[in-house]
Amino acid sequence: MAEERSSSADLKPFSDKYFKTFLKWSFPPLICAVCFFFQSVMLHMTTVKYVLLHDKSPLHDDLGHELFKKETVAMKVLDALSVAPPLLVIVGILLLRDARLWAKVFFSNAILFVLKGLFDWMTVLPDSIGFGACKERLGDEPLKYLERMGQLSGTEYFSALLELELYGVGKVRPVRYCADMLMSGHTFVTVLYMLALADLVRRITILMPPIPRVIWRISMGIFAALCVGADLYLIVKTRFHYTVDIVMAIGITLLIYTNAGMALLAQWYASDGKRNSAEADIVWLPAILIPFCCLHGYYSVREMEDQQVADLQANNESSTWQWLTETFKTSSEESLSPEQANRCRAMEVRRQPQRVRLKSRDRSDSDGMPHRYRQGKDHADPAVPNTSPNQWNLIRLKCLPVSSSIEMH
C-alpha cells in the first residue's frame, strides 16, 4: 500500500508537467481559432450589408485585373495553396519543439484574422467577382436568409447571426462570404506561414557549414516565392480579390510578423511569462522586407529602463537636453528610486577623495573661477569616468536630494 502511494506521488509531478506543457502549446492555436470565429462573424455581417446595397457592381480600373485576363479556377485549388504552408510549419515546429515560433505564428495569425474582419466590416467594397457569381457561391437558401437578417435588429439580429455561425442554413454549412475584400485571407495566410517556414529553415541551417547553409536558404526563398506568386496569380486571374487586397495583405503580414512587439510577446510566452529570460527576444528581418532588405538578419531586443534611455540621450551632447534636465530638475528629484539613491550614495563616496584635490586646483586658478565650473563650459566629472558632460549633469540632478553636498553651478 505504501509503495502504491509513493509511486502515485512520484507520477504526480510528471503528469503535472505534461499537463502544463499541453496547455502551453494549446493556448496559441485556441486564441487563433477564437479570432477566426470573430472574423467569420464580422464577414457574415459584412455580407449582409453587401446584399442590401443598391449598387453591387464591382470596382473598375484595377491594375491586376487589367494585366491578366480573367479565367476560372476551382476554389479547391486556392484553398489547397493556403492550407499546405500551415501544415508544413506546424509539423516542423512540433518536431523541433520551438515554442517561441509556435506562439509567434499563431498570435500573428490571430491578429490578422481580427484585422480582416474589422476592415471588411468598416468599409464594404463590392465583391470583385460581381453579385451574380456571389449568389452562386452563397446559394439560394443562404442568400434569402441573409436578406431576412438585414431586416432584423437588436437581439433578433444577433440571434440569427449566431445561428448562422453555429448551424449554417439548411444543409449549407459553413456559409461562405461575399465582399470579404480587405485584406486577402488566402494571401496573408500563405505569406505568414511561408515566413514562418523560412524562419524555421534559417534556424535549422545555422548549424550547417556555410555552403550548404546558403544553398538551403536560397532554395527556401525560391520555394516561398513560387508558392506566394502562384497564389497571387490565381487570385488575380479569378478576380477573387482586388489588387489592393493582395498588396495590403502582404504589407500588413510582414509588419506584424517582423514587429518587435510580436517578438517580445512570443518570447515572453515561450519563457513562461519571464520578461528577462536568458534568451534574447529575437526579431528576424527577412530579405523581402523592402526597403529594409539590406538590413536582413536576426536582431535581439532588450527592455531598457527610463534611466538607461536618458543616459543614451545624454550622449548626444544636446544643449536642448541639458536645458530639459535643468528645467525638470524638481520632477527628477521626486522620482528618485531606491536603486538610484544607493547609486548616488556610492557615487558620493567615490567623489570624496577628489574634493581636496579639486579645491586646491580651484584656488590656484588665475582668474579665481573654479576650473570645473567655468561659465558657459561643461566638464565631465573625474570621479565618474567615461561620462559625458551632459550625462554628469543628469546624474547630478538625480543625486541632488541624496547627496546635497554635490556642487551645482
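Note: Cβ is positioned from N, Cα and C throughout, glycine not excepted.
Going by TrEMBL, these are the annotated features:
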COMPBIAS  359-381  compositional bias 'Basic and acidic residues'
DOMAIN    178-257  domain 'Sphingomyelin synthase-like'
REGION    332-388  region 'Disordered'
TRANSMEM  27-52  transmembrane segment
TRANSMEM  73-95  transmembrane segment
TRANSMEM  101-119  transmembrane segment
TRANSMEM  181-202  transmembrane segment
TRANSMEM  214-234  transmembrane segment
TRANSMEM  246-270  transmembrane segment
So what's near the transmembrane segment (246-270) in sequence-distant terms, Cβ-Cβ under 8 Å and 6+ beyond its ends?
24, 28, 64, 99-105, 107-108, 111-112, 115, 182-185, 187-188, 191-192, 195-196, 232, 235-236, 277, 279-286, 288-289, 301
Where else in the chain does the transmembrane segment (101-119) make close Cβ contacts, counting only residues six or more beyond its ends and a cut-off under 8 Å?
25, 28-29, 31-32, 34-36, 38-43, 89, 93-94, 180, 182-183, 185, 188-189, 192-193, 196, 199-200, 203, 252-253, 256-257, 262-263, 265-266, 269-270
Which bits of the chain, at least 6 residues beyond where the transmembrane segment (214-234) starts or stops, bring a Cβ under 8 A of a Cβ in it?
68, 73, 77-78, 81-82, 84-85, 186-187, 190-191, 194-195, 197-198, 201-202, 204-205, 208, 240, 246, 287
